[in-house]
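Q: The structure under discussion is supplied below as structure tokens; questions concerning it will follow.
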Amino acid sequence: MNASSRNVFDTLIRVLTESMFKHLRKWVVTRFFGHSRQRARLVSKDGRCNIEFGNVEAQSRFIFFVDIWTTVLDLKWRYKMTIFITAFLGSWFFFGLLWYAVAYIHKDLPEFHPSANHTPCVENINGLTSAFLFSLETQVTIGYGFRCVTEQCATAIFLLIFQSILGVIINSFMCGAILAKISRPKKRAKTITFSKNAVISKRGGKLCLLIRVANLRKSLLIGSHIYGKLLKTTVTPEGETIILDQININFVVDAGNENLFFISPLTIYHVIDHNSPFFHMAAETLLQQDFELVVFLDGTVESTSATCQVRTSYVPEEVLWGYRFAPIVSKTKEGKYRVDFHNFSKTVEVETPHCAMCLYNEKDVRARMKRGYDNPNFILSEVNETDDTKM
């Protein structure tokens, strides 16, 4: 190996070693110290609310059982399937015990040695196992025909009617809960995605905060409406500290903020003017701010007519000042419009004023210079000739 090849090899080894060390250090910092450095947020990127209720009284907890339908729908799948299986197995075994008790009280079991002309309440129940099988056949209406109720016992007839009615109720409730869980519009909201970052740049001569949102399905959202809430800690003039103070943020598209034609990805924007809470922020102080921007998208699912809401949030580290989104819509040779989701969250750096106040002050200066004066306090007054000023 000559000297030049050895130098190239040494350089390659050094670059690879530095790269591996850099990634290892980044992983260690993220793994062991990242959680302490992360900013707390109320709404996660996928729309889940990070909130915990403490010291809830027992009476308040009982309300969840009063509204049992919503409680069952909100349960996780593992708990729901546990309740589903337990409800059926428990009811079958419970009524199996009742059928066994009826046969035991009426002395229909073989251990009582019934006579040849003895008519049992239920034919062919010889023990707890056969009683359980009869309960199963009755509730799910299998009807094999080997075991059946006779007209000998009114108790058995009443128990048969009661189990049949209760079985229909259990079937309706549990199957309805499973179907409602599957068809909830919350799953449709998973196919609506927001850009990873929000950007701040000029648009139409105004400084705007822009966010990109896309519908991954071809079916539309009817009557879509988009808006935002800025959550921050504020102190009132009376000295009260409000931890999660909510400030309305108006987002618009070129056509407005309601009834969006959501067939392709949209770039929504908020104009940073004198009424915007972002007006006094600057590129240098953005990361020092303590706020969370929560964005909501409400709409009606076209296929099911169910109303759904999609939400996400952005913290200061996820707002890029001086960037805009890269184009993602193009036209093919066949005349179709193609959306490239590879560039969905990709941003491009552009020249942007470092604060909104600077942009509007610059516009005021240009307007004054265009009118012929640059002193905002200068007032042109009419002067009349007097006897002292006449020549």
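Here the Cβ of each residue, glycine as well, is placed from N, Cα and C on the backbone.
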Q: Out of Asn117, Asn343, report back the residue that Swiss-Prot marks as N-linked glycosylation site.
A: Asn117
Q: Of the residues Ser44, Ser313, Ser381, which is given the phosphoserine tag by Swiss-Prot?
A: Ser44
Q: Examine the ranges 7-13, 140-146, 294-300, 322-328 and name the one recorded by Swiss-Prot as intramembrane segment.
A: 140-146
Q: Short question: which residues 6 or more past the ends of the topological domain 'Extracellular' (103-127) have a Cβ under 8 Å from it?
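A: Result: 134, 146-150, 152-153, 155-156.
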Q: On the 0 to 100 pLDDT scale, where does the motif 'Selectivity filter' (141-146) sit on average?
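A: In the predicted model, the motif 'Selectivity filter' (141-146) has a mean pLDDT of 78.
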Q: Compile a sequence-ordered list of residues in the same chain as Leu230 (ATP binding site), six or more apart from it, whose Cβ lies below 8 A from its Cβ; state 'none' when nothing qualifies.
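A: Long-range Cβ contacts: Gln246, Ile247, Asn248, Ile249, Pro277, Phe291, Glu292, Leu293, Val294.
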Q: Long-range same-chain neighbours of Ser44 (phosphoserine), Cβ under 8 Å, sequence gap at least 6?
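A: Result: Asn50, Ser313.
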